[in-house]
Each structure stands twice: as structure tokens, then as C-alpha cells.
Amino acid sequence: MAWSRSKQQQSIYLVLIIFYLQSVVLAFNVTSQNVDQANFIRDMMKHAWHGYASYAWGYNEVRPVTKMPHTESIFGGEKMGATIVDGIDTLYIMGLRDEYLAARTWIELNLDFNKLNGELSVFETNIRYVGGLLSIYALTKDQMFLNKAVQIADKLLPAFDTPSGIPQSNINIRTGYSRNHDWAYGAAILSEFGSMHLEFIYLSYVTGDPKYREKAFKIRHAIKKAVPRSDGLYNNYMNTDTGQWLARPTHISMGALGDSFYEYLIKAYVQSDGQDVEAYQMYMDAMIAFENKLIFTSTQSRLVYFAELKDTSINHKMDSLACFSGGMLAMGATKSVEPVRSRHMSLASGIANTCHESCARSKSHLGPETFLFSSRADAVAYGPSEKYYILRPEILESYFYMWRYTHDPKYRAWAWDFVEALEKYCKSEAGYSGLRNVYQPVIKDDVQQSFFLAEVLKYLYLIFSDDSVINLDEWVLNTEAHPMPILKRYGS
């Protein structure tokens, strides 16, 4: 036991050395202004983390205005430390040693899904917990993190026991009973079952157990086996018993309910180091289908956007969630040849610009949840249910990829404008809070989402860091911005 403890300490010491080396790399490869900006964002992370640690330690999230735990999240009242697990790789990447060690200790001593007794989202648990733990394992090679990831992934597996192999949306962690949402017509949701691939492929890669990989490819097989639409688009709803798309309702979107399925197609290709050609072809076919039917340019401001299809009606609105697609299109463009490469990079630039405009046209300079395109205005929200901002990261996600692939300085300028908006309108004494109305940014929603630490602050930090920090030739980020390595020996 003493020898084992010594090995564990050696692992931690190695992490501390890496923290130092990361700071050296940052200092030598960016301008002094960029170093100052990255350090400012690092201080934002410390502020967000210390607010959570002071008022909600072990709970999922913090209410930064009232300084209380937030227990009404998607994970319910269970004390699962969502902010800790979601944010630990950001702490590590930023070199926040003390905070990282505190997070590691909590995970080692307290994160135990065998003690939980609630219903959880399979998708959210996968991308935040399994993805977060796999990411910090990949960065540190600390076996404890991998062991925790395996435990949690195994708790999700009963949800995959359906005739089609498509997992159901929710699972009771104690009993293994799973079900789909009633509001989703009893069907599984494309963005959820379509976003298990990166984590499960990497799990099989590092454990040598093929069962996770088999689950991921059974989902792929079911999607390809289902009777396709004539236009090549994918419905957001699938029957888990029959493995067929719902005939009604039809809902097709690059935003909510669809988004990360498309993201994971191109990222599966990247993760495989270019070997998963099937994923690339599915991605490319889907993008061409969107180009043919659901990508538009507004008449007023010439803004490029993804519309939605509901049954036979095209809805000219775009979710903030869909703003990730600028980065996705840029990534796909870099893996393509002409003329697709130039066309998709132009689309990526257009989407990033549209999402920037959704911010620039609000008083807060933060974009609304949903924005419309009509004869009245472009890229603005009208209804109260569309005007809020819950610290979403997708706009910054596109800025990050566009910066890395083009090095156009406007993306750093836009990102810094975002930083200033967060500081002015979202900062509270105990963290950062969303806004009820981005056009009248007075009332905060009093929730610091775990993904603010996992995604918003990570993307911002990486934008102002050297490209060698999470090098995109070596890493692929999951939909929660948790980096996992590109597998040079994919399939082995």
C-alpha cells in the first residue's frame, strides 16, 4: 500500500511539472497582450471556481447571486459535483494547481455512482462525466480518473438494451430502468443517441474492452439501416423499438435536438485519424442536404443561417446552440478537397459572422437563446422565451475553431468583446450568472452552469493561447469541450 501511495504521489508531482511547462509554452509562443488576456481569463476561471467551492462544494452548480447550491439542474438534487468533473480539465489546462488537486481529491473520495438513486440523462452524463473524466485521464494518465469513467459508463449501458440498440434518453442509475421523454413522443433524440461515439470509442481504446465500441457502432448501424428521407436529412426523433424515424412529427435542425449528432460525425473521422471514412461520408452527405434545403442568406443583412424544418414548414430561426456549426464546418473543410473545402470554409465564416451579429445587436453584446430572420429584422429575438442567455459556449466554439484554422485576428477581437460582456453583465460576487434578457441586461438568472467552466472559459483561454495548447493535430474535443486524443492506432 505504501508503494502504491508513492506511485500516486509521483503521478501528482508529474502533473505539477507539466503545469510549469504549460506556462512556459504559453509565455514563449504568444504576444504579451495575448498572455495578459489569457491570464485574465484564467482569473475568471479562479473566480468562477472559488464561488462554487465556497458556496456549493460537492453540489452540481452554484447560484452566484444568492450564494447557494443550485439543485434544480438536469441532474436533480443528487450531489454529483458536476462543476468539479466538468471543470477539472480546464483547471489542468490553465495550470491552476491547487484548484486541480482539490478537484482530484473530491473525485477520488466522493464521486461514486453506486451511491446514487436518481434518474439521469444518458447523454448529459456521457458528455460531462464520462467525457470529463476521460479527458483528464488523457491529460494526466492518472488511472483513478479512468476507473471512475468506466464505473459511470457501465451504469449507462442498460439504456442501450433496446431492440434497435439505440439507447433511451434517461436511466435510473440504481435500478437500470430507462425510458424516453414523454415530450419527445416516446422517441429517442438524435443529438443524444448520436453523441456517444467519441467517448465510447476512446473507452474501448484505453481499456481494451470492446463492448463500448460495439455499442457506438450499433448506433451507427441503426441510423444507416433506418429508412432514409428522400432529401437526405435526418429527423430528430427515432423509435427505439423499431429503429425507424418517426413519421410525424418531423423536426430537422442544426440546433436543439439535432446539433451534436452532426458534430460527432466529423469528429469521429478526426478521432480515427482519417480511418473512419464512413463517418466522413455521412457527415458530408448531411451537409450537402442542409445546403440544398435549410441553409439560407437573409435578405436584409446577407447573413448566412441554418433554418429548421418542422413537418413541411421551414422556420427561419436559428438557435444559439446551432452556432457551434461554424467550427464544425471549418473542421470539415480542413479535411476536404476543393471545391468543397473553400465552399464550406466560406459557410463556416458566414455562420460565425451571423452568430457574432446576434451578439452585436443586443445591448449586452451577448446573443439570445434563439434569433429570427424576417422582414422586420435579422439575428434578433422577439419573444421573452427567446431573449435569455444561460452562459452558452457555442458562439465561442466557432470563434475558437475559426481562429485556429484561419488566424484571422477578428476572432480574437470578437472573443475579447465577449469577455468584456461577461465581466460587465454576468459577473457576480460568487461567480458568473446568465441573463433573463440580453437586450435589457438587468436581471440575472442566478445559475452558473457547469459548462461555463468546461466550455466557455476553456474556449476563451485557448483562443488567446498558442496553438500548441491542445493542438488540434493531436486532440479532438467532445461536445462539452473535453479533449481526447486522436487515435493514431485507431481500431487496435
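Cβ atoms are placed via backbone N, Cα and C, with glycine included.
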Cys323, Cys426 - which one TrEMBL pairs with Cys355 by disulfide: Cys323
Chain-internal residues, separated by at least six, CB under 8 A from Glu369 (active site, proton donor): Asp319, Ser320, Ala381, Ser385, Glu386, Lys387, Tyr388, Tyr389, Ile390, Arg392
Among Glu124, Asp259, Glu394, the one of these active-site residues whose Cβ has the fewest neighbouring Cβ atoms within 10 Å: Glu124
Other CB atoms, at most 10 A from the CB of Cys355 (disulfide bond): 29
Fewest Cβ neighbours within 10 Å, where candidates are the recorded positions Cys323, Thr479: Thr479
Candidate recorded positions Glu124, Glu394, Thr479, pick with smallest Cα gap to Cys355 (disulfide bond): Glu394
Residue pair Asp259 (active site), Thr479 (Ca(2+) binding site) - Cα distance, angstrom, rounded: 10
Thr479 (Ca(2+) binding site) and Glu124 (active site, proton donor), distance between Cα atoms, whole Å: 10
